[in-house]
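What TrEMBL records for this protein:
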| type | residues | note |
| --- | --- | --- |
| TRANSMEM | A:7-31 | transmembrane segment |
| TRANSMEM | A:51-77 | transmembrane segment |
| TRANSMEM | A:89-113 | transmembrane segment |
| TRANSMEM | A:140-157 | transmembrane segment |
| TRANSMEM | A:178-202 | transmembrane segment |
| TRANSMEM | A:208-230 | transmembrane segment |
| TRANSMEM | A:237-257 | transmembrane segment |
| TRANSMEM | A:263-282 | transmembrane segment |
Amino acid sequence: MTDFLQLTVAGLSQGSVYALLAVGLIATYTVRHVVNIAQGDYATLAGLGSISLVTAGVPLPVAILIALVSVTLASVLIERLVISRVKNLTTLVSIILTLGVSTLLQAIMLLVWGAEAKRLPAFPGSDLNLGGVSIRSQELWMLGALVVVGGGVLLFYEKTRWGKALRASAEQPVAARIVGISPAAASIIAFAIAGFVGAAAGVVSSPIYLSIWSGGLLLGLKGFVAAVLGGLVSFRAAIVGALLLGIIESYVAGYVASGWKDAVAFFILIIVLIIRPAGLVLRPNAVRV
Amino acid sequence: MHRAQRRLLIPAATAAAIALAFTGCSTSNFGGDSGGDGASEEGPIKIGAVLDITGVGANLGVPEQNTLNMLAEQLNEAGGIDGREVELIIKDNQSTEDGAAKATTQLIENDDVDLIIGSSRTGPSLAMRPLVEAAQVPTISVAANAAIVEGSDWVFKTAQNDLVVLERILDDAEAKGYTKVALVRDATGFGEGIADIITELGSERGITLTATESFEPSATDFTAQMTNIRAADADAVIIWGITPSAGLAQAAYVQLGVDKPVYQSHGVANDAFFEAAGPAADGVIAPMGRLLVADQLSDDDPQKAVIDQFIADYTESFDSAPSSFAGHAYDAWLVGTKAIEEAGTDPEALRDAIEATSDVVGISGIFTMTPENHSGLTADALIMALAEGGRWTLYEE
């Protein structure tokens, strides 16, 4: 039982990273129908950036703040320089474009930070041991980041006028424009949110999982699988799906074989796309605008 | 809406699959010079190197690359070998087997190299072996597993054999009265066969292997493996891998509150281990070469002068201390260039000269190659080191 709970804790913390990336992916998908392959690279970029700042003597909280703001701006820059330049942007085109962006970002990170994995110092806090189940304080930070940042984005999109306006500009661009919602502004805000959420995932996870230039793509794809569980529109389903994905990966590694761990996500992806292409929880017509 | 969803998801999924394929083969290396003119005894001497510069072996390949670049520069400044300049061509295998095979083929076909150094890890080194044997190019690997050189005419290596490393570990375990050990090993070539060796060597020492777990070198979470190891109830645990993964495994092990002593391999003989494991590294015992405990060696140690010089040169060039892996590259360069000095670049003669290497004092040990032993090091090349306060200290001599 202790082992089972221990594996669950490991899965939940891994899942919280997937969840944040899934939230970022949905943030841009609901507004622009863009699947952003570079989403995971935001995480590594923020991780590596904050590590450099800490190494240079900047206090950890300041370093994290600078990394979050910089990656948010980088995401907006990518939107302005790449995404917004394309006239008829289909989802497929967006994938190819952002795959290019991802490759470029990785090459830059390799040149700037080198090939070796690096680690951000752990956030303050002491580790817990509950009845033999060990919980690292950093894992609590990761879950906390999911609740605050992921939950914040969810509430923003679903409860505020601004958030609803963002989604409206995707579902009914012409109507949205008529009532005064600027599609360009909506797109910028969506990418800023995606950048911020990705960066948050990167900095909270770096003390445990390390940051390496090439790590973003696989991380982003795991987030994408979680987002697909939510039909690419439901934040709630994607977050639950991401946590489940992390837990299942952990069980597979513990009870089957660790080599199968990375295969789990893509196996789930295939099954979901065959059986429920609209995602796990949405009824076919239940997409809210 | 349902149909719209489906329409959007299917291309998305297709592209995700494409993207996934890209993770396996990101940037390709299209380097390579124009065609060769046959191995000649004139013109520059060409030494090729295939290293794990990016990917999971980066902690090994990067310092190896630094070392070779530094040594090639030093050698050319001193006038090369017999007045011939030495041209060093380094290729990145991206820590993959196919990358190593591709790079090796390029070095042989396009660059027409006289000697090859590499790869950094066992898997890629094994992938190179049939190619260099077919082309008859003398090759010196800087990886560990004895399978790289076993029965080969053309392949040599400079890292200490896994067999002697395990002997040292199990000797220590026997002396401490341990009877049950558990193994957590690298799932790639470096960890291949380790469980069998432990079972075999252990039976002579009254030690049984009670559990084996494995991890990918790219893994970042080790809770699953360590949870199973905790349940195995062994007297001591052997973690067999390279950094950063073996360091992260160490951190997970301590985190889960397992208090049994840990042995690690010579795959963690660098400072990156402490970066990955953090305070969890304290108390780990690992057999390794003398480089990382150089300041604690006695002055009459035959390797001390060579090691001190290398540390000084490397630190001056790269602002960081060299790892054991840098040392393996140094040794490969040393053995290779010494043989070229003696025999020139004729492949057969060069191969024979490497095989005749005798009492060459290197960083990882003192090398004596024979037709049966292409590894050149004995158990004397290893010391036991103890991780203490973020560095390796001499544990017993």
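Cβ atoms here come from the backbone N, Cα and C positions, even for glycine.
Between the transmembrane segment (A:89-113) and the listed ranges A:7-31, A:140-157, A:178-202, A:208-230, A:237-257, the one holding the most Cβ pairs under 8 Å is A:208-230.
For the transmembrane segment (A:7-31), the partner stretch with the highest count of Cβ pairs under 8 angstroms, out of A:140-157, A:178-202, A:237-257, A:263-282, is A:237-257. Listed as Cβ neighbours of the transmembrane segment (A:178-202) (distance under 8 Å, sequence separation of 6 or more from its ends, same chain) are residues 17, 20-21, 23-25, 27-28, 30-32, 36, 39-47, 50, 67-68, 70-76, 78-80, 83-84, 145, 149-150, 153, 156, 162, 165-166, 168-170, 211, 219. Note on the transmembrane segment (A:263-282): residues 221-222, 225, 228-234, 236-237, 241, 245, 248-249, 252 of its chain, located 6 or more positions outside it, place their CB under 8 angstroms from a CB of the stretch.
Long-range contacts of the transmembrane segment (A:140-157) within the same chain: residues 12-13, 16-17, 19-20, 23, 27, 30, 123, 125, 128, 163-164, 166-167, 193, 196-197, 200-201, 204-205, 208, 235-236, 239, each at least 6 residues beyond the stretch ends and with a Cβ under 8 Å from a Cβ of the stretch.
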